[in-house]
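For reference, the structure is listed below as structure tokens.
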């Protein structure tokens, strides 16, 4: 079996449902230490992380990823045990196959192959791996980055191994992500009998015009790299469940996905201004999951674009679509951040899989990128 596929299978066999690492990181660490990496284990709360580095000079290329996976869902819906990798119809099945144990395996084998051919490479190679990406993402990459930043440690380039390919392997490199800002809004009224509305104040009715106005706003037009900022309601709850009671409060949860045309503070101020103008009695809690980031050009994009084209024959598209990733934290200590990995069609689904032929190709793309940036 191909070495990258073999390692991917070993990782899939470990039930690393978030935030449990289940020994995946120690498997990777053992191989990295054999080729000269210094490894720093960083455990925060129940989360395992490690920061590994080979070399002490600049420039530094970092590979970043996560060993944790999402829950399997109903086992009866799987064709086979989700933690027993199975090869069928040209695909490797198992939870985490695409998101992102194939990428983790490809990181390791690409580095092993590169170091074997270039033991005295330029600069440094690093890995940042966490078991807290699919969960709350507080004690994972964010905490590691904060530790690195506190001691003044930065790096030049980072490849996050997220499954970015959309229709065929190699078609997409993510060179940025939108920011994510969520709000939990509680509007207060006066509860009462539904037959006596003059003795109550219905907060749903009070809020409705403000919600309609928020939904109609064109926040910006986007730009060459990002689509327009989006505001969406995710949940609304009000009332006791009874049909004869006017509720005393209504709670609305919403989310902004915002481009570099906006700032979190600017969006917050706009929402507060609108709610105040409508005269609402409200409380509003905010949660900023991450600011937008963008790597428009640079040596890393040039290197990985060339590697993808040489291995797959496809010139990849650069885009910033999709949800957030740990790149939102890494950007604080890294000059250029991109994401590249296998097809994402089955991630978080039952019968998650990755094409068998794509796994060694992924390793070769990472190896060629390393060679382009760090070979002497």
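Note: Cβ is positioned from N, Cα and C throughout, glycine not excepted.
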* Listed co-binder of Zn(2+) 1 (same site as 99, 162, source Swiss-Prot) among 66, 121, 139, 193 -> 66
* Asked: Which of these, 134, 146, 305, does Swiss-Prot say binds Zn(2+) 2 at the same site as 99, 348?
  -> 134
* Which residues in the same chain, at least 6 apart in sequence, have a Cβ under 8 Å from the Cβ of residue 162 (Zn(2+) 1 binding site)? -> 65, 99, 100, 103, 174, 325, 339, 340, 341, 344
* **Within 10 angstroms of residue 133 (active site, proton acceptor), Cα basis - recorded positions out of 66, 68, 348** => 66, 68
* Asked: Could you state the CA-to-CA distance between residue 348 (Zn(2+) 2 binding site) and residue 66 (Zn(2+) 1 binding site) to the nearest Å?
  -> 14
* Near the Zn(2+) 1 site, what residues other than 66, 99, 162 in the same chain have a C-beta no further than 8 Å from the centroid of the listed C-beta atoms? -> 65, 100, 103, 133, 134, 160, 161, 163, 325, 341, 347
* Between residue 134 (Zn(2+) 2 binding site) and residue 68 (active site), the C-alpha gap once rounded to whole angstrom -> 7
* Which of the listed binding-site residues (66, 348) has the least company, meaning the fewest other Cβ atoms within 10 Å of its Cβ? -> 348
* For residue 66 (Zn(2+) 1 binding site): DSSP state (helix, strand, coil) -> strand
